[in-house]
């Protein structure tokens, strides 16, 4: 896909363009940060990890790691007005980190658009009454049932044991002792619809299956929507997000109002963040890892998207206040979405005579099985289903904008012929946390934390020393330590990926590790390449690749001030190269004429 960035007449950066307004940028950041994970991952993580108690590690991870890194990336991109690869002119030895971010964003974009395609399919399927997953229709098998199948073991007249169902018991006015009741495992209609109709899921990676045309066309439509929104770059996507970033909140409010009026809603909310909260869960290291992973995935740090979006800001934009607003909005949305989800799950648990723990799921199971089933039980169920899946579509689309821009704006062209479930096969959290650690090391320890703070003050104005106490503590020590601990813990506790109860084959896991290696191998490759390209002895070369390039600094000369007045501007370097090329052409033509 080729993205054309149209420059407006009011832009201060006539080469790259700027956001039409700060609102465009803020909504784009919110749209990028607030995505599917806020709806399908956070509520379940909170429930699983102690309910309300989970908010403690979640808030701590936001304050000590998520917010500091978010502010750092927004400032980094805005200061240089460069994308996630070119911005590493500040620290050439770390340029491979930017490439890794682009590659991971590309992989995730492929995976993420598949989910958007699923949402589009379910959106179209919702225009039916009754909803196609509300009961066991012709596509189901004998294991499908809306009610649990229970049998009673009774003794017949001849002394043998016989299993009878509830219908027989009712017809014969008989009862069954609890010890003689046997339950047979069944699949709910929504679960079979997801597997048999929507996905037509094969038995595993070993069985590829054919092309599922309804999903292929929905995926094509998803890419067309993204391409249309990004056709004019930030000038078009900045306007689209006025709808895609705001509409999900309208739907969430509507669904919450409907959800809390349902019977059993209170019990669902109690499981989510109420009296069922378990403070003892805080002693479990896995809870803290889940909180950190959710914060980083949700905010979109260390993916390159924040740098890409912020690079189109005007130089003196207050990126500090923007970072605070977006981070608080994102985390508040996650908590709010939990009330929406669990109020409805509480209702389905109530009418199914089950505990909430048996209907609560995460990921695909929540948004394509459990929640659609709950909506199918409501009056005017197609309306609620349409609203819900259209909300998922808008949540996914605006998150996809920045992910795609991250890859396209750097000039990287990545062709991928293997599309696996990145969530299951490649543990992207390993690359994610690793990139975040290297990003902090590169900017704070190699480029210089104090120097970076002075760069930020060139944009947002001089601040007193007390203002920077928190950020210095996080950037220099707390955030790198937290991220390193989580990275090591993720490696130590890594387990073979699976899809539900189905384990991936060994070759699938190995392929996942190869994809992971392909992403991170560029970090040492670019370090070695830049070292070889430098001039002088070993120490001199090392010094060069750990120092900013001659053209590093604010993109426009009018913003360079005294600190960067001697730096070469990018425009002058490009003009110098063009002049050299012109002279070479003239010399060559002159030589040919003489011959």
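Glycine residues also receive a Cβ, built from the backbone N, Cα and C atoms like all the rest.
Record features, source TrEMBL:
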| type | residues | note |
| --- | --- | --- |
| BINDING | 31, 33, 34, 38, 298, 330, 395, 398, 399 | Na(+) binding site |
| DISULFID | 136-144 | disulfide bond |
| TRANSMEM | 25-43 | transmembrane segment |
| TRANSMEM | 55-76 | transmembrane segment |
| TRANSMEM | 97-124 | transmembrane segment |
| TRANSMEM | 211-231 | transmembrane segment |
| TRANSMEM | 240-257 | transmembrane segment |
| TRANSMEM | 291-312 | transmembrane segment |
| TRANSMEM | 324-350 | transmembrane segment |
| TRANSMEM | 380-397 | transmembrane segment |
| TRANSMEM | 404-424 | transmembrane segment |
| TRANSMEM | 430-448 | transmembrane segment |
| TRANSMEM | 469-491 | transmembrane segment |
| TRANSMEM | 511-532 | transmembrane segment |
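With a cut-off of 8 Å between Cβ atoms, the residues of this chain six or more beyond the transmembrane segment (511-532) that come close are 92-97, 99-100, 103-104, 107, 418, 420, 425-427, 430-431, 434, 438, 497, 504, 541-542, 545. Sequence-remote contacts of a segment are chain residues at least 6 beyond its ends whose Cβ falls under 8 Å from one of its Cβ atoms, and for the transmembrane segment (211-231) they are 1, 3-4, 113-114, 116-118, 120-121, 124, 198-200, 237, 240, 397, 400-401, 404-405, 408. By the Cβ criterion (under 8 Å, sequence separation of 6 or more), the transmembrane segment (291-312) is not in contact with the transmembrane segment (380-397), since fewer than 3 such pairs are found. Counted over residue pairs 6 or more apart, the CB atoms of the transmembrane segment (240-257) and the transmembrane segment (25-43) come under 8 Å in at least three pairs, which marks the two as touching. Comparing residue 399 (Na(+) binding site) with residue 136 (disulfide bond), their Cα atoms are 35 Å apart once rounded.
For the transmembrane segment (380-397), the most Cβ-contacting stretch among 25-43, 55-76, 324-350, 469-491 is 25-43 (pairs under 8 Å). Residues 29, 46, 49, 87, 90, 273, 282, 287-288, 291-292, 294-296, 299, 301-302, 306-307, 310, 319-320, 322-324, 326-327, 331, 335, 436, 439-440, 443, 452, 455-456, 459, 471, 474-475, 478-479, 482-483 of the same chain lie 6 or more positions beyond the ends of the transmembrane segment (55-76) yet place their CB under 8 Å from a CB of it.
Distance from the CA of residue 395 (Na(+) binding site) to the CA of residue 144 (disulfide bond) is 32 Å.
For the recorded Na(+) site, residues 31, 33, 34, 38, 298, 330, 395, 398, 399 set the reference point as the centre of their Cβ atoms, and the other residues of that chain within 8 Å of it by Cβ are 30, 32, 35, 37, 245, 300, 333.
Scored on C-beta pairs under 8 angstroms, the neighbour of the transmembrane segment (97-124) with the top count among 324-350, 430-448, 469-491 is 430-448. In this structure the alpha carbons, written CA, of residue 136 (disulfide bond) and residue 395 (Na(+) binding site) are 30 Å apart. Cβ atoms under 8 Å from those of the transmembrane segment (430-448) belong to residues 69, 72-73, 76, 88, 90-91, 93-94, 97, 100-101, 104, 292-293, 296-297, 301-303, 475-476, 479-480, 483-484, 486-487, 490-491, 494, 516, 519-520, 523, 546, 548 of the same chain, restricted to positions at least 6 beyond its ends. Cβ neighbour count for residue 399 (Na(+) binding site) (all protein chains, 10 Å cutoff from its Cβ): 25.
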